[in-house]
Amino acid sequence: MAKFLLTAVFCSTDRFGSRFIQDNIATATPDEKAMVFVEIIPHVAELVIDAFANYVVQKAIEVGDLDQKIRIAEELDGNIIMCIDDQNANHVVQKCIECMPQEHVLFIYQNIYGHVVELSAHQYGCRVIQRVLEYCNHPSIQKNILSEIMEQIYWLAKDQYGNYVVQHLLQHGARPLRSAIIKTFAGRVVGMSRGKCSSNVIEKCLIHGDYEEKQLIINEVFSSGGEPDALTVMVGDPFANYVVQKVMETCDDWQRQMILRRLKTYLGELSSNAYGRHIVAPLMKLIQTGGKRTSVRSQLIDSCGKLETRPRQLAVTEQTKFRPLSHLLVPVRQARNIGHDAEVLEPD
């Protein structure tokens, strides 16, 4: 094994060699691990962009001692944006954030300052931003990053990649932050519900918001803005109908009765609509039960045979293809001081 590990750089770029090193480095002796690190550290910048070798670097970050982890991370310093832009290297950046004390990855945060929104709307950058939000608990760093996100939270909610960052905040963020996000969407619920990406965000608001915040969204769905009203339009929409389904799961009994009254006159029209049919079956169940409160999820399953769910990974043909981050590979502007107390911007 020792002889094999001495060729770690060469073997890492091979499918089977990469797997062998990953399987054995965790149980290797300290001397054997040291041999691997001595060989791969000078080549980290090349290995992280390789389809197979990047997994070896990730595993080394997991099992190495702190000094070894620091030496690997140092090899990435100055190339963070390029690594985030790479389909393989971005996973190594994520692993550094997950496995290393944050005081040793400050250079990652300093490199993304000023570019948080752009990275959040990037195919790979959105993953890195989520890891930062998940693992970094430094108050000033969090404030700096959240401040940039909140400035463009509405735009990110509609973006094909940025919406995942917004969903992450709604699911894992502190309650004041969730409230600030949901209030930003007030008055825009119907339009966002009809968006391929933003409809997922509105569903997350209904799942993770408190009672008052849910009512803010539900009341907007019930608002009447002419004929047909918002609810009827949403029921027949390819994306908003899923929001209506979520409303039916989270609303009060009297609100469910209001849905029943609003849509009874449109049952025939909805039955002929490919998306409206998702709502007709549970509505018929409500009519049969007199609108009594039962599990709406059970109604959907009992009436339709299975709960209608939207594919999570939809082709976003109308979105502009994501730009590479190569335009950011210029000297990054002077990073803000880590101790700078940037306030999270509250929505108007």
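Cβ atoms are placed via backbone N, Cα and C, with glycine included.
Per TrEMBL, these features apply:
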DOMAIN    1-287  domain 'PUM-HD'
REPEAT    39-74  repeat 'Pumilio'
REPEAT    75-110  repeat 'Pumilio'
REPEAT    111-147  repeat 'Pumilio'
REPEAT    148-183  repeat 'Pumilio'
REPEAT    220-261  repeat 'Pumilio'
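Helix, strand and coil residue tallies for the repeat 'Pumilio' (148-183), in that order: 30 helix, 0 strand, 6 coil [DSSP]. Per-residue confidence over the repeat 'Pumilio' (148-183) averages out at a pLDDT of 97. Summarised by DSSP class, the composition of the repeat 'Pumilio' (75-110) is 26 helix, 0 strand, 10 coil.
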